[in-house]
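Novice: TrEMBL lists these features:
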- A:12-35: transmembrane segment (TRANSMEM)
- A:47-69: transmembrane segment (TRANSMEM)
- A:75-96: transmembrane segment (TRANSMEM)
- A:117-139: transmembrane segment (TRANSMEM)
- A:159-186: transmembrane segment (TRANSMEM)
- A:217-237: transmembrane segment (TRANSMEM)
- A:249-270: transmembrane segment (TRANSMEM)
- A:282-303: transmembrane segment (TRANSMEM)
Amino acid sequence: MTAQAIENVLQALVAGLLVGAIYGLMCVGLALIFGVMRVINFAQGDFMMLGMYGAFYVFAALTAVLGVSGGLTPYAAILLTGPLLFIFGYAIHALLISRVSGAGAAKLDGDGHYAQLILTLGIALIIQNGALIAFGSQLISVRTSLSASAWTLPIGEEIMLFINQARGVAAIVSVAVMVALTLLIARSMLGKALRASADNPEAATYMGIDVARSHRLAFGMGVGITAVAGGLLATTLPFQPFVGLDYVIVMYAGVVLGGMGSIGGAFLGGMTIGLVQQLSTLILPTQLQNTAIFVVFLAIVFFRPQGFFGRVSERT
Amino acid sequence: MLTLDGVHAGYTAVPVLNGVSIKVEEGQFVAIVGPNGAGKTTIFRTISGTLKPRAGRIAFEGLDLADVPADRRPHLGIAHVPEGRQVFASLSVFENLELGAYTEAGRRDWKRNLDAILGWFPRLAERRSQLAGTLSGGEQQMLAIGRGLASSPRLLMLDEPSMGLAPTVADFIFERLLEIRKETKLTILLVEQRVAEALESADHGYVLEAGRVVLEGPNSALRANDRVRQAYLGM
Ligand SMILES: Nc1ncnc2c1ncn2[C@@H]1O[C@H](COP(=O)(O)OP(=O)(O)OP(=O)(O)O)[C@@H](O)[C@H]1O
Ligand SMILES: [Mg+2]
């Protein structure tokens with residue numbers, strides 16, 4: 001192999017890892033909702049899209065109010081958007097999702113999964129078209145001065161890797177948010193209460209845990225996390241109100257790939273998809289990137305005949 | 001401490017409890033016995049609030065529980081160790097105990113309770129980082145009881161702690177319960193299939209059949225009762 005070919009592969013690998021970190025975070029948000037709390041949510045891509053617009057407008061507001069627009073301001077805006085979308089998700093759950101999930105699903109067919117599908121598709125359509133009316137259809141992005149510069153990483157004599165700084169920082173923020181969330185879920189009493197509520201709602205109630213509130217919190221957190229990932233993606237990708245459609249596939253594939261219940265697994269699942277997407281550009285035309293993701297998705301469905309709802313390792 | 005007064009309850013169409021009245025005094029050990037399907041677990045669910053009674057009154061320490069949601073009741077001091085143990089299978093033994101201490105009192109007394117629980121059930125200390133779902137049935141029962149105790153309860157409710165356990169393990173659990181009671185003076189409400197043991201250790205017993213209390217009294221009286229001797233003690 002020539003040095004040029006090796007460089008291309010390494011470059012695609014780096015690109016895959018960087019975008020994969022964002023996809024991973026995106027998947028982690030859905031993992032909380034779908035993997036842990038078992039709610040089918042087809043609006044997750046649209047919550048992500050709201051995170052993108054949220055980051056765009058919060059950034060604009062920060063710039064206008066504080067007069068700062070320096071290198072890291074967009075990231076502050078993105079992180080501020082998380083809590084906003086958390087509140088939005090929490091409210092959507094309290095008003096709508098709770099009717100078809102948890103205790104509200106007891107009398108519905110298929111544990112409420114059918115009702116969830118229909119409800120969240122409806123929410124998705126409303127959000128998409130609402131966004132179209134509110135924000136228009138033109139492509140925009142969260143501009144950061146970092147996207148114009150790159151870190152260079154020489155390997156040996158002949159190979160030089162370029163790491164776009166916007167992508168690099170986005171990946172670092174993704175990993176940091178993911179680590180913070182993992183610690184929260186693993187260590188804090190709140191995290192333990194969420195896991196207990198998902199594991200055995202009746203027993204959780206006997207511990208004095210408000211299980212319905214756990215569900216709302218987990219849903220809100222899932223929405224907030226995916227929204228942050230959306231904001232990060234928006235620094236490198238122009239978007240419009242229908243951008244969520246592509247990514248809902250990425251998220252479900254990542255969560256299923258990651259073994260459902262696991263947050264860390266979902267992150268790796270998303271990372272895998274980023275890698276597949278970027279490496280596919282070595283052999284496929286760029287326009288077919290998303291086709292590669294679909295193929296992975298189909299392969300998962302094909303090789304996991306138990307479908308979406310089985311766990312990789314059943315619990316006792 | 002706990003009174004049920006004419007409680008009626010059931011699931012969807014079928015009535016299960018038809019006017020059950022039970023009293024548990026502070027410091028007492030009360031046993032409820034009865035055949036399968038009599039409604040013993042259903043009584044526990046109405047006390048914990050996961051099932052709403054259709055009629056009747058449940059009061060805990062003078063407080064009417066009608067408007068107290070299920071998830072607030074543990075904070076009043078009611079610990080429910082449910083039938084079939086229901087440990088959090090995907091969480092570690094230690095995390096299960098920590099969740100037991102979710103109540104305010106449990107958090108306050110955590111250190112002391114933990115030492116006591118691990119003293120009564122040293123097996124849990126050995127397995128503290130193991131996932132609860134991978135424990136044996138007996139170990140899961142110890143964990144379920146430990147989790148209940150971690151809340152610093154005023155009333156400990158145990159639903160068939162011997163269910164599905166080998167006799168020696170069930171004996172061990174029973175011995176520990178008596179020891180725990182002696183040391184802590186905890187009020188206990190027990191549902192048991194092992195009627196002989198239950199009536200032997202309890203102060204007071206209720207016999208439940210088809211959703212009604214058909215007999216009640218101090219343990220000595222129940223054990224001397226012909227009907228109990230024939231139906232439950234095989235004498
Ligand atoms: N979730 C439920 N839905 C419908 N019926 C139920 C439900 N749980 C219990 N039942 C019915 O209520 C009746 C009483 O059940 P319960 O579990 O209270 O009995 P039990 O006395 O605890 O029996 P066991 O000794 O077998 O545990 C039974 O006929 C049972 O079939
Ligand atoms: Mg029972």
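Using the three backbone atoms N, Cα and C, a Cβ is placed for every residue, glycine included.
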Novice: Need a quick answer: max count of Cβ pairs under 8 Å to the transmembrane segment (A:75-96), which of A:12-35, A:117-139, A:159-186, A:249-270, A:282-303 is it?
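Specialist: By Cβ pairs under 8 Å, A:159-186 leads among A:12-35, A:117-139, A:159-186, A:249-270, A:282-303.
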Novice: Hey, would you say the transmembrane segment (A:47-69) packs against the transmembrane segment (A:282-303), going by three or more CB pairs under 8 A that are 6+ residues apart?
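Specialist: Contact between the transmembrane segment (A:47-69) and the transmembrane segment (A:282-303): absent.
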Novice: Under a Cβ pair cut-off of under 8 Å, which of the recorded stretches A:12-35, A:117-139, A:217-237 contacts the transmembrane segment (A:249-270) most often?
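Specialist: Result: A:12-35.
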Novice: Test the contact criterion for the transmembrane segment (A:217-237) and the transmembrane segment (A:12-35): 3 or more CB pairs under 8 Å, pairs 6 or more apart in sequence, then answer yes or no.
Specialist: yes
